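Below you'll find the structure, written out as structure tokens, and then a few comments.
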Ligand SMILES: Nc1ncnc2c1ncn2[C@@H]1O[C@H](COP(=O)(O)OP(=O)(O)OP(=O)(O)O)[C@@H](O)[C@H]1O
């Protein structure tokens, strides 16, 4: 179906409608599309979802988790064939770029890695038949003890890429020294590894994954995150911890209470590392890493992972690393081609009606009239609640999740969504990063984010682990500053670019001084390249826009979804200033570009 049928008629002049009720398409004045707005193909793949259902702590409360056998079973009682459903062919042509000194070679099978045998057995139990490209490259590098900065596409298996080496090395050290790193009877816990991430839900998910990989190995994994009982978390810590998964706010709290010491940290992993080092978290990260007795870079091993890695954040991150290797899997910072992306021009006043049309069409095309799992991103917490109410009023099973909800409500919403009980989740950015819900068929950006990297993470909640997905964005007048970056991203991912969007992108050059100006695509370069190989002026050119927004409705944008503070209250300055552009010149640039090898390969070479 051509674009002209799928997008609401394009106009610069948004006229505000006072309509507050859903109006069927045929009664609307400006002909919002009446038919199901996707091609047959996208319908087929988007709503034909079958595959793995993984457990999560957030699906089942801790006391209901099956710690005896944490691997997912199918209805017949057998283990689910994870390796069978992942479409490895989808990764075959993924370009891989590695830069750094003395890069260890990749491996094409878990058997060929130097991972601990107990861990390998668990990898088999997970039915991970072979490593994904990021695992092929990252695991040997990490096992060799090297620091690592990784930029790999959403849903490509980064969690295992940092969990496997950590678990394996803990096990090897333990069998060599014959004892656990936990001093018995101590009230202070001394974890060997620390995994930091931005949200509570993600910390629980990583803990579940790590727990599964560490099954019956004796490696203890504990999670600490804000909004939940600290007493319970301290109790778990007292029982012993090898790997601590935490959000920064709660971690600082338990360190200040002298219940955790970072003195013995050997492995530090930052998931969603670019988010962890941007304005919302940078201060806390520096405090944790520099002022809380953690061994310095070079003594500890540090691994940073994300699907996006802007140059300015890379430069900041290099403070945390020593002689590191930079790995890019897929086009740096781009979305995966597994996700079909549709951008539709929809006036703000028409968004609700348009959404209902899409959801109705989905239901009609879905199996047995059921709704496919659909994630709808909105800009504000109020907006999430309002949309949840609106959808519920019109009979759509929707539930909202955002930072104003108490933790129990957040968990309930996510559980209800994952189980399919409430298949429409209306969310702020609280679930935009890292969350792995296997059957999300459709991500709808009801409100587009202000930053292209956020868009990449949001749509990455679908099209995971080699499966296809669909992402639709409602583009309105206020998103014009994002047009150029969107066009670049769509082209990069071989997606159709609507002509009206290209037109906006061309006009968008006049917006280049604004915060929303495209960062990565403005000069045809991609911000996830190893910044050590980029010339200095080029790096500087990319720094102006990341998180500054004085004139873009910032007040209505704030969401305290991320666990910056222990109680998850967002740092008040977030999004307002571009203080990060004053990064310290730490001399790391002097290393590159000379002396670094750069290997370009495809995923399975
Ligand atoms: N080797 C493998 N074989 C089969 N499935 C795998 C393999 N590695 C990872 N997976 C599965 O792929 C899915 C996505 O993995 P993961 O959540 O680690 O992605 P990610 O790269 O961290 O994504 P994001 O950028 O969104 O955080 C998970 O369901 C995981 O179980």
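Cβ coordinates are placed from backbone N, Cα and C, and glycine is handled just like the others.
Heads up, TrEMBL stuff is auto-annotated, nobody curated it.
The stretch that TrEMBL tags with region 'Disordered', taken from the ranges 476-507, 508-539, 540-571, is 508-539. Note on TrEMBL: of 79-107, 108-136, 137-165, the range annotated with the feature motif 'Q motif' is 108-136. Assigned with DSSP, the residues of the domain 'DEAD-box RNA helicase Q' (108-136) fall into helix, strand and coil as follows: 16 helix, 0 strand, 13 coil.
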